[in-house]
Amino acid sequence: MGKLTVREAALDVLLKVAQDEAFSHLSLNDMLKKQRLSGRDSRLLTEIVYGTMARRMTLDYYLAPFLKKSKKLEEWVRLLLHLSVYQMVYLDRVPDRAIIHEAVTIAGKRGHKGIRGFVNGVLRSVQRQGVPSVQTIADPLEKAAIETSHPKWLLARWVAQYGFDTAVNMAEANNKPPRVTVRVNVCKTNADEVIASLASEGVTAVHGRLLPEALEMTSGQPFSTQSYQKGLFTAQDESAMLVTHLLDIGPNMRVLDTCAAPGGKTTHIAEQLNGTGTVDAYDLHPHKVKLIAEQAARLGLTNVYPVAQDAREVKSEPLYDRILIDAPCTGFGVIRRKPDIRFRKQEADVKAIATVQQEILRAAALALAPGGKLVYSTCTIEQEENEAVVAKFLSDHPGFKVDETMKERLPAVLQEKGRCTPLGLTILPQDFGTDGFFMTCLTRSI
Ligand SMILES: C[S@@+](CC[C@H](N)C(=O)[O-])C[C@H]1O[C@@H](n2cnc3c(N)ncnc32)[C@H](O)[C@@H]1O
């Protein structure tokens, strides 16, 4: 692949995601690596790709008056119009005429003359007439769905669970760029040393919002630094870091992480064990198990044992002091990081994955020692995958209950303002700017 302009690269990534069902973050990272763009261009490419994907429904609505309903557009033409209108509406720093000029040039390179003229005509009309207002949509749910670009069924589910305003706030938060946060490897260093080490490599960082081992990046590329290679930190959101705190890790414990890849929480547990104890790290997919081993090696952790293993078939011996089930889920708490998942998942997926979650919890819980603690977490805010899974498990297993001391292990701000119910803690993406998550801790008495 030769050198592409930022918009050509954006179109290629969007096309790959749309046609090959490729993962958005992997395709984008691939392109960023191949094209070796400057920091400024990398940021622009990321913004155009994520923004265009996230705003798909709104962009369809904006473009509808300028397109003939009967004419089916080729996918690349649709995406070129989308990414151009995205820039015209949401990015102030590029003048419309430059956006249109580049779109027409790309259309000319990829299509015949007619397509070039078509793209030019549509975009000039948008520039002249402006996009239609969503205020004319009478149904409030439909209006919010178009305005925030979330499928109506998904928004309706959130309205039923959290109320209209909270659901819409969540949808709006999902369209904001995610914070880049990392977890300091406390076995090797501390937060201030990592800030200084990154600064010497041109990356600026500040302390996180919730936890002392968290740092937020404010500029630069932390994962291309020597500090990263040396294992001083790991990419992780602060909500995800909280999960390990709920486990209440102590020295020499035997820990099982049932759904461990790529190893974010496994390595956090191992760091808290500080060279003692063991973490058995299971994952269903052998290729992902490799990633756990790589992360443990980079961080210098020698107490991690990755295994390809279906968590639904965990053997009940040996008994563990701590078990983490960071279950596979719909991922609706991390839409900011994977904007396309809102369009990929269907309502039936929620029920299907909740069944898998039940199976994993039922099987793995039997490997917990009496007096031990089990944390169940997901990066989704769907109650069917969270509270409902836990409630069903507890009603079938009288030897388990929610750990009453769980709240004490949360930072003060979450103890005061967190969405805690008797079944666990839910964090919505708008609450603290961290990922949407659910987590709870269960104890076993018999
Ligand atoms: C939410 S991700 C885990 C993220 C990981 N805990 C971390 O912090 O980096 C869920 C993982 O569960 C794995 N998985 C899905 N079904 C599984 C099963 N039946 N048994 C074990 N792992 C499973 C997936 O491959 C995926 O890596």
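Glycine too: its Cβ is placed from the backbone N, Cα and C atoms.
These figures come from a predicted structure and were not determined experimentally.
If you check TrEMBL, you get these features:
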type	residues	note
ACT_SITE	Cys379	active site, nucleophile
BINDING	Cys259, Ala260, Ala261, Pro262, Gly263, Gly264, Lys265, Asp283, Asp310, Asp326	S-adenosyl-L-methionine binding site
DOMAIN	170-445	domain 'SAM-dependent MTase RsmB/NOP-type'
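Under the DSSP three-state reduction, Lys265 (S-adenosyl-L-methionine binding site) is assigned to helix. Note: the Cα of Lys265 (S-adenosyl-L-methionine binding site) and the Cα of the residue listed as 'active site, nucleophile' are spaced 13 Å from each other. In sequence order, Tyr282, Asp283, Leu284, Ala311, Ile325, Asp326, Ala327, Pro328, Ile360 are the residues near Cys259 (S-adenosyl-L-methionine binding site), counting only same-chain partners six or more apart with C-beta under 8 A. The domain 'SAM-dependent MTase RsmB/NOP-type' (170-445) scores a mean pLDDT of 96 in the predicted structure. Annotation for Ala261 (S-adenosyl-L-methionine binding site): same-chain Cβ neighbours under 8 Å, separated by at least 6 residues, are Ala281, Asp283, His285, Lys288, Val289, Leu291, Ile292.
In this entry, Cys259, Ala260, Ala261, Pro262, Gly263, Gly264, Lys265, Asp283, Asp310, Asp326 make up the residues listed for S-adenosyl-L-methionine, with the farthest two CA atoms of the set 19 Å from each other. Across the structure, Cys379 (active site, nucleophile) and Gly263 (S-adenosyl-L-methionine binding site) place their CA atoms 15 angstrom apart.
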